[in-house]
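Report on the following structure.
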Amino acid sequence: MSSVVVVGTQWGDEGKGKITDFLSENAEVIARYQGGDNAGHTIKFDGVTYKLHLIPSGIFYKEKISVIGNGVVVNPKSLVKELAYLKENNVATDNLRISDRAHVILPYHIKLDQLQEDAKGENKIGTTIKGIGPAYMDKAARVGIRIADLLDKEIFAERLQINLEEKNRQFVKMFDSEAIEFDDIFEEYYEYGQQIKQYVTDTSVILNDALDAGKRVLFEGAQGVMLDIDQGTYPFVTSSNPVAGGVTIGSGVGPSKINKVVGVCKAYTSRVGDGPFPTELFDETGETIRRVGKEYGTTTGRPRRVGWFDSVVMRHSKRVSGITNLSLNSIDVLSGLETVKICTAYELDGELIYHYPASLKELSRCKPVYEELPGWSEDITGCKTLADLPANARNYVHRISELVGVRISTFSVGPDRNQTNVLESVWAQI
């Protein structure tokens, strides 16, 4: 029995897709356990770049099973489009499995998402308007429609009718907006359900059977720990649990079956949307990092906010997600900077603190305390080992590992697969 969880340790966009794809080579099952099509991951496979939002990275390996777990909220329309996109590119999808317990995103979720965000005005959260939050709200309120319900025409019609009555009251009376008609949704989305029916099953059985048979299972998180609804910068968070603990809820695999947790981070920090970001850069250095790192959202296309590496954030992520191994990406983006900085602590009202505050008021008063290190000018995109790195780059990597308190198992010096370098095999440690 071998299992590895891949989690983002910052605010998403850390390069999880590439690392998941890299680790997938030695896995037999790859599963997603939370989030929806608000998450975007970019994968290069056989020289082609693919952008996926719902389907796990393992789909490119015909002999491996890819799982969308029960903790994922699925927009059937988006999923059907993504399947068609893969088929157009001659990528087989018959190795996909979708949980019958996963909840469904419907048009009224997306409309409610937009209306609620607009109503917040300056206090908006920066949602991707994909209906993720409202779908999870319905799930918690026990009025959600699951994949199993979508496939049953009678049950789907009954629950859709009940939900539309409630949602339309909100649209008309609270937001002064138009109602959504039953016929605008029912036949179209029932048909989407029929198109994905061949993939639907009890994925908890598949995952547990695989682990019990001694197979290697890789769990792929979306977003990042700092967007976790419990452990992140609430309320500027997603509506699910990207932390490693979310695996047990979102996949139906017990915690005793989790072996390793790989935390993925960039050599700097980025964030899409609103919310606290203590090390954010607003100067030329920030513009350089954004330009060189091509920091634009996979899902939204929005420019990402960028800043220095924050070890306070990383230690928080390590603690709440039980990170055992670190994967450090995008070191090459910092090449050419005369000085690189690492945030080692915050100064709050004249005192040093080393933990990430829950209070947004406290966070707004936190000033990052930096350790400055000399930068490097060399092109490192061809480096294969730590010894190949310039001394200053190597020292930077070592210092990050020291401050976070986790050994680095892989490091990346570019977007391509062959630019990801293994220092210690995670699978070999199990």
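The first residue you see is number 1, and the count goes up from there.
Backbone N, Cα and C define each Cβ position, glycine as well.
In Swiss-Prot, the IMP site is described by Asp13, Glu14, Gly15, Lys16, Asn38, Ala39, Gly40, His41, Thr128, Arg142, Gln223, Thr238, and among Arg302, Arg315, Arg319 the residue recorded at this site is Arg302. Checked against Gln223 (IMP binding site), the binding-site residues Gly12, Gly15, Lys18, Ile331, Val413 differ in C-alpha distance, with Gly12 being the nearest.
Rounded to a whole number, the C-alpha distance linking Gly301 (substrate binding site) with Thr42 (GTP binding site) is 13 angstrom. Secondary structure at Thr128 (IMP binding site), taken from DSSP and collapsed to helix, strand or coil, is coil. Annotation for Pro303 (substrate binding site): same-chain Cβ neighbours under 8 Å, separated by at least 6 residues, are Arg290, Glu295, Tyr296.
Checking Cα-Cα distances from His41 (active site, proton donor) against the binding-site residues (Gly15, Arg302, Ile331) with a 10 Å cut-off leaves Gly15, in sequence order. Under the three-state DSSP scheme, Ile331 (GTP binding site) falls in the helix class. When Cβ atoms from all protein chains are considered, those within 10 Å of Thr128 (IMP binding site) total 22, not counting its own.
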